[in-house]
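Reviewing the structure listed below.
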């Protein structure tokens, strides 16, 4: 895992967009973002049990696996959105970027590769893309039935109950 400030320059979303300014993992924690490097399935199982994740599935994001809809899907994952549930991803193979909004509404880019697990709190604005290799295989963990419902950023999501709870939580974490 490597985290840094997104450079905001034009260009393919799958490029690194590295500003050269690193972000300390402690800052990610202040945003409510949790990171683990996991080397075995048993560690994933332990984390799932501890956090009450009951279901899981796997997704492969690649042109070979998704065919003609790959570019459309990658663009949809990159729309800024939030979820009303935690988003938990364990990278099984390949790599990709999660971008999360900072307290100042800037993007923090988090590069994840095989063995990295990230937990995004419900209500955080974020987006995802593969890196330039165009290949990410990930396990998705869920507390209940598997679902992935993005709520794209807008006035309505700014007032969303889960967004408001996240902002209160973030203020408490930063204190």
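We number each residue from 1, going along the chain as drawn.
Cβ coordinates are placed from backbone N, Cα and C, and glycine is handled just like the others.
Annotated features in Swiss-Prot:
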type	residues	note
BINDING	81, 83, 87, 126	Fe(2+) binding site
BINDING	81, 83, 87, 126	Ni(2+) binding site
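Annotation for residue 81 (Fe(2+) binding site): spatial neighbours 125, 126, 127, 150, 151, 152, 153, 157, criterion Cβ-Cβ under 8 Å with sequence separation of six or more. One residue stands out among the binding-site residues 83, 126 for having the most other Cβ atoms within 10 Å of its Cβ: 126. Around residue 87 (Fe(2+) binding site), the same-chain residues at least 6 positions away in sequence with a Cβ under 8 Å from its Cβ are 118, 119, 120, 122, 126. The Fe(2+) site is defined by 81, 83, 87, 126, and by the 8 Å test on Cβ atoms against their centroid, the other residues of the chain that qualify are 82, 120, 124, 125, 127, 150.
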